[in-house]
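My questions will all concern the structure given below.
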Amino acid sequence: MQEIESLHQSVLLQEVLQAFAPLEEGVLIDCTLGLGGHSKALLSQKPHLKLIGIDKDKFAQEIAKERLKAFEGRYNLLSGGFAKRFKEALEMHGERIKGVLVDLGVSSLQLDDDNRGFNFHSHALDMRMDLESDLNAQKVINSYSVVALEKIFRDYGEIKEYKKIAHKIAERRAKKPFKDAKDLSDFLSSFSKNKKIHPATLVFQAVRIEVNSELEELKEFLQCARNLKGAILCVISFHSLEDALVKNAFKDYAKNCICDPSSFKCTCSNNHALGTILTKKPIIPSPEEIKNNRRSRSAKMRVFQFKP
């Protein structure tokens with residue numbers, strides 16, 4: 001546990017604490033509990049706050065539970081997808097919910113575990129957040145049709161040569177199926193010309209998003225979050241697809257006029273905004289944080305305040 005405390009670094013921790021500074025009591029939902037770094041800091045600073053922590057990864061949740069021992073009685077941990085669990089919590093707690101945090105990053109524990117398949121050198125080709133899920137990365141890479149691979153590489157990886165990569169993977173797996181993440185990573189490196197990032201980065205991102213239904217879950221959550229009243233919503237994203245969904249949802253929440261854009265005149269009374277966007281531009285890590293934690297470099301945090 002001491003090793004976890006020293007190695008685990010919660011992204012934008014001080015900025016998250018600042019975002020929730022106005023909260024004094026009520027319920028805060030950490031939709032992506034992970035190892036509990038953000039939750040631990042918030043419970044430490046807010047003695048009257050109650051916490052609901054949600055995570056698909058039961059192993060990570062056990063570690064978080066150990067880290068939160070000092071706050072026994074002030075938190076409740078739930079397993080499962082955060083969109084579904086958040087909806088249930090919202091129905092149960094309603095306006096007692098004063099804050100919601102979503103950190104969409106993969107935890108260091110998952111990235112560094114060679115048995116999980118998230119890194120380029122893993123001995124597995126898995127990438128599941130929920131180890132009880134049926135779909136894993138090996139099934140995607142070795143059994144998806146070429147057309148299906150093209151679609152996820154284009155839509156989830158934003159890969160320019162998505163057709164070429166899908167066809168090369170299909171040709172190679174016909175001779176010899178991919179056995180682990182290192183095998184896939186080495187294969188992609190053998191023909192990719194991308195020098196800015198590791199040749200496997202965007203393919204791994206696309207497959208991980210597919211395996212965990214990440215964008216669908218985020219969309220479902222953002223739709224449900226419209227029903228919050230008087231709460232602060234803080235979302236940390238790590239790539240442009242996530243950030244675009246959050247940015248557009250917040251803009252939609254803040255709209256006063258809900259008339260059809262083709263209308264010549266507003267007839268809706270122009271007062272339908274659900275609240276206020278508190279971050280005109282996303283908050284990003286400081287150079288010092290990036291220096292201390294390279295994995296934080298692509299993080300973007302957006303904050304929205306819902307009206308009571």
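Glycine is no exception: its Cβ is also placed from the backbone N, Cα and C atoms.
According to Swiss-Prot:
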- GLY36, GLY37, HIS38, ASP55, PHE86, ASP103, GLN110: S-adenosyl-L-methionine binding site (BINDING)
Looking at Cβ-Cβ distances, which residues of the chain lie under 8 angstroms from GLY36 (S-adenosyl-L-methionine binding site) while being 6 or more apart from it?
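Once residues fewer than 6 apart are set aside, GLY36 (S-adenosyl-L-methionine binding site) is near ASP30, GLY53, ILE63, ALA64, LYS65, ARG67, LEU68.
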Counting across all protein chains shown, how many other Cβ atoms sit within 10 Å of the Cβ of GLY37 (S-adenosyl-L-methionine binding site)?
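Other Cβ atoms found within 10 Å: 23.
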